[in-house]
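To keep things clear, I will list the structure first and then write my remarks on it.
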Amino acid sequence: MAVVPIRIVGDPVLHTPTEPVPVGPDGSLPDDLPALIQDMFDTMDAANGVGLAANQIGVAKRLFVYDCAPTRGQTTRRRGVVINPVLETSEVPETMPDPDEDEEGCLSVPGENFPTGRADWARVTGLDADGSPITLEGEDLFARMLQHETGHLDGFLYLDRLVGRYARAAKKAVKRNGWGVPGLSWMPGEVPDPFGH
């Protein structure tokens, strides 16, 4: 399959809710879905990401892939795909995000990280690559990833969740980088890793 360009903040596909992946009466999934899923894994891996939503590569369908440790610093990772995810979370704290504990990045905002308030626990239900029901649940980094990727599919970037000085810093970063306009992307493997992995 292939590594494909990742869309950058400002591309309309990132700011529009995605469409559910059609499921046949017999539970079958579209014939072209395995190729899309493989492209997503290839692209996420080339970018050293922990997750990638379909709209980040320009496909407005409701699915994401992940390769994420349960908590920061762990080397054991969970890897898979969720089709048509539905998110459930604990309450999001109303305090300012901690600059050390709550830092978050995004492949569609390459090289930037900002503290982002998220729920401590999250669960996603949906379908796996075979169309079988799947439930993923986690805390810490895994919960953050579930919320981040599902947010993409709802048409939001983590920048939309930022508050106070973090929101102002993100707005300046978008302007400084010339982002916020349609048509921008970057190609993992062809440019230096924007996060320095």
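Just so you know, glycine gets a Cβ as well, placed from its N, Cα and C.
Glu149 (active site) carries a helical DSSP state (H, G or I). Taken from Swiss-Prot, the feature active site applies to Glu149.
Under the heading Fe cation binding site, Swiss-Prot lists Cys106, His148, His152. Counted within 10 Å of its Cβ, the other Cβ atoms near His152 (Fe cation binding site) come to 25, all protein chains included.
What surrounds the Fe cation site, by Cβ distance within 8 Å of the Cβ centroid and not counting Cys106, His148, His152, is the set Gly51, Ala53, Gln56, Leu107, Ser108, Glu149, Gly151, Leu157, Tyr158 from the same chain. For Cys106 (Fe cation binding site), the same-chain residues lying six or more positions away in sequence with a CB closer than 8 A to its CB are Glu112, His148, Leu157, Tyr158, Leu159.
Glu149 (active site) has a Cβ environment of 26 other Cβ atoms inside 10 Å.
Its Cβ taken as reference, His148 (Fe cation binding site) is surrounded by 25 other Cβ atoms within 10 Å in the chains shown.
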